[in-house]
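Chemist: According to TrEMBL, the record shows the following:
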- 9, 380: Mg(2+) binding site (BINDING)
- 16, 209, 210, 211, 212, 213, 284, 285, 286, 329, 330, 331, 332, 333: ATP binding site (BINDING)
- 94: substrate binding site (BINDING)
- 151: active site, proton donor/acceptor (ACT_SITE)
- 182: site 'Transition state stabilizer' (SITE)
- 242: site 'Transition state stabilizer' (SITE)
Ligand SMILES: Nc1ncnc2c1ncn2[C@@H]1O[C@H](COP(=O)(O)OP(=O)(O)O)[C@@H](O)[C@H]1O
Ligand SMILES: CC(=O)OP(=O)(O)O
Ligand SMILES: [Mg+2]
């Protein structure tokens with residue numbers, strides 16, 4: 001009997017899935033992947049084969065407000081029809097916030113769900129959407145094993161200095177500290193590096209995960225040492241719609257002087273800032289790079305500047321840097337952003353090979369560059385599938 005593992009990575013306007021099939025001890029093999037996007041605007045389901053061929057596509061032009069749960073049910077029915085002779089054994093979910101308690105992937109039960117609900121205010125853009133499909137799947141398949149894989153877990157190896165704010169001990173003791181996110185992506189990259197360049201993987205590496213959400217992580221000997229995101233996924237780099245690092249005094253000013261409500265401030269910091277806020281044009285890096293609007297150009301400039309500053313900080317946290325890695329939507333696909341970051345990083349010993357960068361080669365630094373530079377596509381879903389299978393195996397053994 002072949003085993004099916006369903007991976008769900010749910011966001012505010014999209015639910016992404018990947019279905020993996022494995023025979024016994026084999027590594028999980030991707031069977032198909034896809035997403036429902038445009039939720040609440042113009043829902044669109046698309047499913048693709050591993051190499052990109054479209055398997056199914058569906059739109060609901062007459063029902064733009066079709067609910068998350070109705071769309072999710074459509075998706076699950078389609079996925080189940082693809083199983084063939086395989087049996088759906090488990091579902092693995094990306095859960096962005098694991099708080100201070102959870103540093104390992106875990107089998108989901110009612111107690112864990114109740115704990116994860118308490119973390120919703122710490123990740124309002126992600127956590128409610130991560131938890132909704134777990135509940136929806138439980139309704140359809142009450143017996144299915146479901147596993148939570150946390151974006152915060154990989155960073156639990158950070159020294160206390162990297163995890164702490166200089167707040168009174170009492171507040172820190174309540175869990176107000178730096179957690180870091182995109183951990184599933186960083187864990188995947190660390191593993192990939194061990195295969196691509198084992199010597200590099202043993203060294204001091206800064207990984208730039210530049211997607212809609214963006215962060216950077218200092219990884220030494222495969223372990224996270226520090227990262228740019230903090231208590232929430234607002235901290236660090238400016239993102240598509242999020243501010244990144246902000247003087248906490250600005251929040252006080254907005255509250256006390258501008259009379260804004262907490263909800264208004266939350267919307268501003270999470271949804272109206274970053275690339276969209278600075279450019280007034282778009283949160284999409286492709287659009288900004290092609291735009292001739294001065295504010296679009298400035299948004300890209302600020303993004304690159306903040307990456308460059310954080311690079312210095314993360315290199316300092318490791319006492320130096322041996323390699324720089326780019327990943328996620330912008331990191332994998334934008335030679336222009338990579339070039340500009342590398343130019344700023346020449347002082348650290350980064351020498352980019354322009355031709356390799358334009359070509360999108362795996363290594364994009366010169367052979368002589370003291371710091372090597374790499375482009376490594378991330379795969380959070382594969383990491384979740386691996387973790388889910390491990391949890392499944394441990395349940396079988398127990
Ligand atoms: N060719 C490209 N050049 C520049 N940016 C790109 C390119 N392709 C995708 N992106 C950017 O990648 C970002 C989305 O990254 P992605 O990792 O898919 O994000 P998420 O998974 O968080 O939604 C968007 O800002 C998009 O503009
Ligand atoms: C944690 C985070 O920012 O995730 P995403 O990039 O999916 O928004
Ligand atoms: Mg992402």
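Each Cβ is built from the backbone N, Cα and C atoms, and glycine gets one as well.
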Chemist: Distance check, please: Cα of residue 151 (active site, proton donor/acceptor) against Cα of residue 286 (ATP binding site), rounded to an integer number of angstrom.
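Modeler: Between the Cα atoms of residue 151 (active site, proton donor/acceptor) and residue 286 (ATP binding site), the distance comes to 26 Å.
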Chemist: Just to verify a number: CA distance, residue 212 (ATP binding site) to residue 242 (site 'Transition state stabilizer'), in angstrom, no decimals.
Modeler: 9
Chemist: Any idea which of the recorded positions 242, 286 has the thinnest Cβ neighbourhood at 10 Å?
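Modeler: 286, out of the recorded positions 242, 286, has the fewest neighbouring Cβ atoms within 10 Å.
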Chemist: Taking the Cβ of residue 16 (ATP binding site) as reference, which residues of that chain separated by at least 6 in sequence fall under 8 Å from it?
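Modeler: Long-range Cβ contacts: 8, 9, 10, 33, 34, 35, 381.
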Chemist: For ligand 2, pick out the recorded positions 210, 212, 242 that have a CB under 6 angstroms away from one of its atoms.
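Modeler: Cβ under 6 Å from ligand 2: 212.
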Chemist: I'd like to know which of the binding-site residues listed (16, 212, 284, 286, 380) lie near ligand 1, counting only a CB under 6 Å away.
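Modeler: Only 212, 284, 286 meet the Cβ criterion.
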Chemist: In sequence order, which residues at least six apart in the same chain have a CB under 8 Å from the CB of residue 210 (ATP binding site)?
Modeler: 237, 307, 326, 327, 328, 329, 330, 331, 334, 337
